[in-house]
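Please read the structure below before turning to the comments.
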């Protein structure tokens with residue numbers, strides 16, 4: 001009978017349960033996604049040039065495990081809060097506490113187990129989908145990537161089952177030892193807020209100092225790679241703790257300052273919104289700090305991932321000025337070149353002999369020959385038109401495979417060139433306004449050239465071949481960055497959403513009261529929008545600062561870590577905004593009539 | 001003189017036409033004059049809360065006419081209803097309905113802030129009503145730090161601060177001990193007599209009702225008896241209410 005009643009209780013709160021259930025499923029699927037990369041040693045080895053990758057992923061697992069435990073803890077509290085009143089009533093009517101604690105154990109564990117199983121399946125699906133999407137759409141070359149990876153699946157199960165056994169035990173123990181009256185009146189337990197100003201100030205200062213230490217570590221790691229083994233744990237600790245203190249103290253200080261400004265606070269519902277936030281931040285500090293760290297990790301991963309992508313272009317463009325060099329251009333190649341808009345062609349005639357590769361001096365003087373010159377970390381464009389420049393002959397000869405080219409290049413007059421024996425050949429250099437936009441054409445040209453001159457297959461001196469090589473090298477890193485970024489973002493958003501929604505039931509009364517005393521629906525909606533916007537933006541702002549500083553760590557790996565940073569930020573912003581809108585929609589559904 | 005409340009033939013039916021219907025109010029008629037302190041008494045389920053919800057625009061009548069301060073509230077749209085509640089009505093609820101994340105001062109100031117009154121005018125208004133209700137000392141406290149009686153006085157101050165046309169009280173002494181209940185009713189009588197504030201109280205407690213000038217008894221959705229205090233003392237009126245309840249219940 002009691003079991004029947006308990007199931008009936010679930011049916012009544014189906015919406016709350018579906019929020020809980022989907023949250024747990026997302027957690028399980030993200031965990032699986034992460035493990036499918038982190039545990040796959042072959043994948044890590046073949047796709048990352050950095051030695052420390054396995055180590056960083058190890059830390060990632062620890063971090064994700066902690067986040068997941070905290071997350072499930074919240075979910076569990078939500079579950080208990082939904083059930084305790086009902087179970088309290090059963091106990092009041094004479095149900096034995098041992099029976100009740102057994103029921104909550106079974107309920108917690110069953111929800112956990114089902115969510116884990118379904119979540120893992122979804123995880124396999126998402127891993128495959130996201131993997132395919134990234135690999136196909138972004139021209140990535142990734143090896144040893146499996147959407148189904150058994151060790152990851154097993155570990156996900158083990159991890160979640162263990163946590164849920166603990167949660168179930170905790171729930172059943174806490175129900176057994178809580179007084180019936182407390183259970184029945186749990187809803188009306190008041191929230192208390194007492195603030196100690198001195199402690200707030202100490203926390204603000206401590207938070208800023210800890211963040212400064214963490215930031216210093218990240219900058220230092222960027223300069224000195226050996227520092228990484230000490231730097232990562234120190235930065236991890238100080239930044240997590242610093243974020244906590246800053247959110248707990250600084251934000252409330254700002255809110256209180258705004259409250260004191262009566263011309264702002266005593267306008268419409270502003271004071272209500274500020275007070276709601278003040279109470280929330282005290283209650284939300286832990287989750288906001290966690291979200292802020294995850295936000296930084298997710299945004300950081302996507303930024304670094306895209307950074308690697310730009311690296312591909314930068315290196316390819318840096319190595320070769322010309323987008324293609326076509327030896328003895330034929331009709332097919334000519335047709336391909338003709339189709340390209342906005343191009344500049346430079347044609348050099350040459351004759352290859354045993355001792356020298358001869359070029360026409362007139363070609364050089366009339367057209368010049370552009371190449372990229374490296375000096376430290378700068379690339380500058382050089383356009384010599386005179387043979388006295390020592391590099392020009394070398395650069396020109398570089399377009400001919402090594403074993404075919406003569407030991408030296410020479411510029412000669414037209415008369416001399418014509419008189420030389422040897423087969424006259426041409427090299428057509430193509431420069432467009434964007435190598436990337438014409439990638440498919442250059443790929444075709446490169447393939448035709450390799451078919452006509454097999455030596456080019458090995459040589460790989462043209463820009464497309466360089467691009468292909470670097471692409472396969474960096475794609476792994478890029479893929480990991482993107483994949484992790486999306487995984488963390490989904491986890492982060494569901495965490496925050498879950499926390500906000502789980503508190504919504506307690507807000508119904510407040511909004512109802514505001515409605516009764518004559519607040520327009522529009523004003524109520526506005527105050528909800530503002531409140532949730534602040535809750536979303538506090539961790540976002542801190543997270544962005546973490547990322548901007550954290551990119552310093554990648555200076556040795558990325559040529560320009562801050563280049564085109566707006567792209568990942570924009571992608572992230574759009575996704576994050578999506579979660580914000582979903583959360584406020586669901587929240588309003590619960591809170592407003 | 002415009003009547004503060006004018007109710008004509010209101011009916012409230014729950015349930016759709018093809019379903020089982022329940023008549024919560026039927027043919028209710030009454031009036032409240034400016035400065036009057038009127039009580040509506042009835043047992044649980046008699047329809048008194050439904051009536052109060054309709055009067056305060058939180059619910060709509062199935063048919064009939066309700067005028068508050070001369071305005072027909074049955075024809076108001078959503079936003080107009082909200083504005084009407086914000087400007088014309090003050091509420092005191094049984095469970096106080098204070099916002100626990102606002103201090104007493106902020107709770108009292110809320111209706112004025114909702115009307116976008118300038119902060120310069122808010123402070124004197126809050127201070128003056130707080131002084132009248134003896135709340136000056138506790139203005140910076142949060143509701144959780146106040147006793148039930150103090151909370152209800154804060155709620156009363158919030159109901160009065162914007163000078164509404166009428167105060168609606170829904171069992172305002174329901175959650176108070178007898179001493180606090182008495183103090184609250186004394187306060188309400190004071191503002192009613194001194195400031196000529198009209199009050200409509202819904203209660204099933206004869207003691208609270210004995211502070212009113214006139215009592216309307218409601219049973220099964222209909223207004224039956226009416227009792228006037230006139231020249232009686234509060235004690236005599238209390239006895240009269242008890243007697244009426246005895247006969248009305250039969």
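Glycine too: its Cβ is placed from the backbone N, Cα and C atoms.
Range annotated as transmembrane segment by TrEMBL, chosen from A:79-103, A:104-128: A:104-128. TrEMBL lists transmembrane segment at one of the ranges A:287-308, A:309-330, namely A:287-308.
The feature transmembrane segment, as given by TrEMBL for the ranges A:456-478, A:479-501, sits at A:479-501. Most Cβ pairs under 8 A with the transmembrane segment (A:532-549) among the ranges A:20-40, A:104-128, A:228-258, A:479-501, A:569-587 are made by A:569-587.
Packing against the transmembrane segment (A:287-308) from elsewhere in the chain are residues 60, 63, 67, 70, 74, 239-240, 243-244, 247, 281, 474-475, 477-489, 491-492, 495-496, 499, 535, 538-540, 542-544, 546-547, 550-551, 554, 557-558, 560-561, 563-565, 567-569, 571-572, 576: each is 6 or more residues past its ends and has a CB under 8 Å from a CB in it.
Note on the transmembrane segment (A:479-501): residues 19-20, 22-23, 26-27, 30, 33-34, 37, 47-48, 53, 60, 64, 67, 71, 74-75, 78, 130-131, 134-135, 138, 140, 142, 145, 284, 287-288, 290-291, 294-295, 297-308, 532, 535-536, 539, 568, 572, 575-576, 579, 582-583, 586-587, 590 of its chain, located 6 or more positions outside it, place their CB under 8 angstroms from a CB of the stretch.
For the transmembrane segment (A:569-587), the residues of the chain that approach it from at least six positions outside its boundaries are 19, 295, 298-299, 302-303, 485, 489, 493, 496-497, 500-501, 504, 528-529, 532-533, 536, 540, 544, judged by C-beta separation under 8 angstroms. Simply put, out of A:20-40, A:148-169, A:198-216, A:20-40 has the most Cβ pairs sitting under 8 Å from the transmembrane segment (A:104-128). Below 8 A, the CB atoms of the transmembrane segment (A:148-169) and the transmembrane segment (A:20-40) form 3+ pairs separated by six or more positions in the chain.
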